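Undergrad: One structure follows; several queries about it will come next.
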Amino acid sequence: MNKTAEQLEKEVCASDGLFKALTSTFMKINFVFICSIILISYLFSYKALRILWNHNIFSNCTRLIFFVGSINSIIHQTTMMEIRIRQIYRSIVTEIDHCGILFHSPECAVDLYFYYITNFFTTYSVLSLTLDRLIACKFSSVYLKYQYTISIMLLIIQLILAVGTHFFGFLGVPLAGYVPMCTYPPRLASNFDTINMIRTVVMVFSITILLIIFRSNVNTEKKIHQHSYNTKTRYTAFENMTTSKSVCTLIIIQFLCISISSFGVTVIRRVESFMSEEVYHTIVPFLPGVTYANLCLPVIVYYKTKQTIRRRKEAIDKMTSAPGDVESHMKWLNETWTK
């Protein structure tokens, strides 16, 4: 039964099941686990930002999207860390107080804004990266000429979608009642499940398009390798294929992680009535998929860059040993390497 804001405001105290979940050993283990994920993500975000700045192997457009995405992930992880510290502190301090362990929704106003805006921004980064690869594949000359302009436009669209999704879900929704922690959406938010389904559809669409692009890049690279001895043409095709493969790997892993908090949470919410309140609120804190995705982003950028640098050296050695006017292209190869 749907409750009014006035009814929710009266539910100050946690039920026995919710109280047991918030003060359980599993919740403390979850706190240590999530904080460990966040701390590791900080380390790899530093590594990823540094390698993107000093040893970039992506196009400038892709690099800027990754760069902004890494900064967004740091903001999201910091917000999550602050929320979890507040929750675990309150569960310890009010360990025997059913009526002091919950958070009044207005206390979460700032946290909700930063948490969900960065959450949605991470989700729509897969769309930006997919469009980035699509433009690079279908309009390569325009892409090479206007990389920064294209990246800024894609990031603006990504931000508009993130803010628009936030408004769709929470604009005008009263912050009434009490929640276990500030990652929970407002209790009167009726569009939350719809948002999660939209996010899932966007990611599935992006993966489908990107797999088609990747397949096209692979076929193009094979044809050029077989029929062209122009080193610059062969190397450009190799770079397009390599970048698309890296982005494809990232998006698939991002999809798997984000699906935990979109599709997974939707499923859990729908079967909530079939499980005890204690079990439900013990499971939910283990489902912050975007937190996992924000660890995967810098890890993949860092290791894919390292891997691509090694493969790039091998490819250059192989191509420069092939027949053709090699010497005339060595300067171009060296300039490309140092970008």
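Just so it is clear, glycine is given a Cβ too, placed from its N, Cα and C backbone atoms.
Straight from TrEMBL, here's the annotation block:
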- 25-45: transmembrane segment (TRANSMEM)
- 113-131: transmembrane segment (TRANSMEM)
- 152-177: transmembrane segment (TRANSMEM)
- 197-214: transmembrane segment (TRANSMEM)
- 247-268: transmembrane segment (TRANSMEM)
- 280-303: transmembrane segment (TRANSMEM)
Undergrad: Residue list, the transmembrane segment (25-45) vs rest of chain: Cβ under 8 Å, 6 or more residues beyond ends.
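TA: Residues packing against the transmembrane segment (25-45) from afar: 70, 73-74, 77-78, 80-81, 84, 87-88, 91, 282, 285-286, 288, 291-292, 294-295, 298-299, 302.
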Undergrad: Taking residues 6+ outside the transmembrane segment (152-177), which of them lie with a CB under 8 Å of any CB in it?
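TA: Residues packing against the transmembrane segment (152-177) from afar: 3, 5-6, 8-9, 11, 61, 64-65, 68, 104-106, 108-109, 112-113, 116-118, 120-121, 123-125, 127-128, 131-132, 185-192, 195, 198-199.
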